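A.B. asks: I am attaching a structure below and will ask some questions about it afterwards.
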Amino acid sequence: MVSRCSCLGVQCALLSLLLLTAWEVGSGQLHYSVYEEAKHGSFVGRITQDLGLELAELVPRLFRVASKTHGDLLEVNLQNGILFVNSRIDREELCGRSAECSIHLEVIVDRPLQVFHVDVEVKDINDNPPRFSVTEQKLSIPESRLLDSRFPLEGASDADVGENALLTYELSPNEYFVLDTINKKDKDKFPVLVLRKLLDREENPQLKLLLTATDGGKPEFTASVSLLILVLDANDNAPIFDRPVYEVKMYENQVNQTLVIWLNASDSDEGINKEMMYSFSPLVPPMIRRKFWINERTGEIKVNDAIDFEDSNTYEIHVDVTDKGNPPMVGHCTVLVELLDENDNSPEVIVTSLSLPVKEDAQVGAVIALISVSDHDSGANGQVTCSLTPHVPFKLVSTYKNYYSLVLDSALDRERVSAYELVVTARDGGSPSLWATASLSVEVADVNDNAPAFAQSEYTVFVKENNPPGCHIFTVSARDADAQENALVSYSLVERRVGERALSSYVSVHSESGKVYALQPLDHEELELLQFQVSARDAGVPSLGSNVTLQVFVLDENDNAPALLASPAGSAGGSVSELVLRSVGAGHVVAKVRAVDADSGYNAWLSYELQLAAVGTRIPFRVGLYTGEISTTRTLDEDDLPHQRLLVLVKDHGEPALTATATVLVSLVEGSQAPKASSRASVGVAPEVALVDVNVYLIIAICAVSSLLVLTLLLYTALRCSAEPTESARGQVKPTLMCSSAMGSWPYSQQRRQRVCSGEGPPKTDLMAFSPSLPPCPVVDVDGEDQSIGGDHSRKPRQPNPDWRYSASLRAGMHSSVHLEEAGILRAGPGGPDQQWPTVSSATPEPEAGEVSPPVGAGVNSNSWTFKYGPGNPKQSGPGELPDKFIIPGSPAIISIRQEPTNNQIDKSDFITFGKKEETKKKKKKKKGNKTQEKKEKGNSTTDNSDQ
């Protein structure tokens, strides 16, 4: 029977148990307590307030409560942050007879990821009454039993714990038996009947008693069982064990038939009443009967099934020993088997709440995953330590008991390692220890942190001119170390102006392949170098990019034929008429054919040939191979025709060569016709006087510009001295490219407004000059001071003296690529000798010194010159040769070339330079030179001075 208190009392007790009993924060955790059987909605605690969280951030941060096995018992109201009872909590169902019972909760919030651990202790209430396994217990007691004989009874069990499970027993009043209790190891008691009065079967063959069990809870619960005592007759002595209670300790996982204990009982009777049989008491439950076996004859108890410490660590076995007397008498004992734990359970690893993939720019300390470990063993066997794969940028941080967080320990770089295979190893403290592993693949998400990179910072491309429109000239390629869209590279031009036109009108670049196309035919005469930048950008956010410089050199093709220049003395179209006295001697210059070629290099190097009207025809004229000057080869006589038509073929050195033809009509006249020639010569002097006026204006302009330049330099020097140089002032500058031909002609396109298109930045101080590779030509040894018209030219030619100096305007006749240094040394290409050239000094030109003019085909800005000798000087300079002296038209400067034997020591102070260095030395010669020059101009009416 079960008795209960009134319903009103129970409700009052339950209401009082719903209050929060205690909470504390230890190591960042919360502890609450709640009584079992609390109603739905019962208050447990203000969890958000205790955790320091704001109500407004619960939903955005995905506030949630999780539990491994009891997730629905407790819940949090997101409106007010209160932890409340969500469903019925039965402590006995959760924890059984365990002294401690708690519900572990994991409170997880994101952004950033945080984990809080909450322990809610479930306190016991007295909601379970004591229970007996049977409603009636039967005992057979011989009437011969002596006083104080003890008869154990089956006690009651209470599902509660603590004070609520402490039972007290009460026996109904009678005259034969009193109730005693035996304390068990776990503080429980089981009842024992003690005989206080001898039984008499004849008087009372059976007795009915009532045993009542009462627990210690408030309110109290009781239960009772009926005791039926049968009084037996005969056998006087019952078997007796050595001890009433046997305690055995053994390890779990013993094999079957392992001996647990060997019981020993004795009987004072003799004969058949002395023979005994061992058996399990009817009080032993079936589970124990399955796990253990007892030998009826010997009293051996052996293991019959698997015994596991994790299932149960103690077993209570009640054993009866019965003799064969009539009536049989029974002895009793209790065997307490305590199991010792073995390390037979490997740890378990559980990975939850993965934040994958991880961005490579994640902050150090970011939580990647939550890991929990457990071990069913106890003691040292159940103590688990966690470790992580070494040499990875991650680490494990213990958060609470067997809970860990996998956090980032160092910076990630996807381009170096794109994924990590982590192994979490959990190892217990047993001997030998057991371990378990959990594999975790952490993928690193790409971040656009790498700009596209070109293999080179600059590319040089050579393209022949007159290319077809849209032709492919080059392909740029950039590599981006990132992945996916961050590695998708697109190409584009860095737009700028090329002269008056946009860069995009010349070239284009394919955005995906990086192929560069020429949109129109390129013309070397218009554009020798096209320098531009191509930009490569990825598709990341934000986008990253880099630039590469392309230098496109337009190679010259021989696509321009020589063009004849109009002569002041003749008509346009290549026809020239000249009058020549029959009295002139050999070497007299009759006329000069002028032509120009818009190409450059070999393609613009012109040569002149005289075409004969018929085979075998002898004419007294010849033409300079590179000068175009027509001169007499001998003294004219009466046999020469008075009117001669000369055809001069002008040809370049291109492949194939292009030509032009000039016609020169020469009329031979007698001395009587000299006034006409003189008057005609005087007509030619007028442009010369006008040119002198132009030179005066030119000198004035040059002086003004020079003064402005000097003033600018002084101001710049003052500023530099007063301020420290900056990094930009010390930066490198890019070279400026200049080109020259080999002999006598520079590209006519020098006259065009745009010759070279280069990148931004100040010009480099050194000058690059390119000229065709020609074999070195002999140089005639000429003394500029003593040279006369009839001088001796039989001396052997030799190379220029190494101590010569040069001026920048004397570059004609050089071969191979040269590089002008600041010291004035002209260096040839690989393997070539170093050559030095003379400088120019200020002097009055002498008549016998000859004349200098721009090379055939050169523009106004050309820096190359060809040389023309005065009347009576048959010397013609070949390729690579130098005249003895010459003048610069429009300037009072004269160039003198001097060569000394290599074994002579040359005085550097005698060298001629620009300026006033030789001014004093030349004053005496100035008047004489002026007079001689005037005589020359008046006497030679056939000389063409238009080149000045």
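Each residue's number is its place along the chain shown, starting with 1.
Glycine residues also receive a Cβ, built from the backbone N, Cα and C atoms like all the rest.
So TrEMBL says this about it:
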COMPBIAS  907-921  compositional bias 'Basic and acidic residues'
DOMAIN    27-132  domain 'Cadherin'
DOMAIN    133-241  domain 'Cadherin'
DOMAIN    242-349  domain 'Cadherin'
DOMAIN    350-454  domain 'Cadherin'
DOMAIN    455-564  domain 'Cadherin'
DOMAIN    587-689  domain 'Cadherin'
REGION    783-805  region 'Disordered'
REGION    828-948  region 'Disordered'
SIGNAL    1-28  signal peptide
A.B. asks: Examine the domain 'Cadherin' (27-132) against the domain 'Cadherin' (455-564) and state whether at least 3 Cβ pairs sit under 8 A, considering only residue pairs 6 or more apart.
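C.D. replies: Between the domain 'Cadherin' (27-132) and the domain 'Cadherin' (455-564), contact is absent.
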A.B. asks: Can you give the mean pLDDT for the domain 'Cadherin' (27-132), rounded to a whole number?
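C.D. replies: So the average pLDDT across the domain 'Cadherin' (27-132) works out to 85.
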A.B. asks: Let's see if you can do this one: DSSP helix, strand and coil counts over the domain 'Cadherin' (27-132), in that order.
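C.D. replies: Output for the domain 'Cadherin' (27-132) reads 13 helix, 41 strand, 52 coil.
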A.B. asks: Per DSSP, what is the helix/strand/coil residue tally across the domain 'Cadherin' (455-564)?
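C.D. replies: Split into helix, strand and coil, the domain 'Cadherin' (455-564) gives 7 helix, 53 strand, 50 coil.
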A.B. asks: May I have the DSSP-based helix, strand and coil counts for the residues of the domain 'Cadherin' (133-241)?
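C.D. replies: Within the domain 'Cadherin' (133-241) the tally stands at 4 helix, 51 strand, 54 coil.
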A.B. asks: Going by DSSP assignments with H, G and I as helix and E and B as strand, what are the residue counts for the domain 'Cadherin' (242-349)?
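C.D. replies: Tallying H, G and I as helix, E and B as strand, the rest coil: 10 helix, 48 strand, 50 coil.
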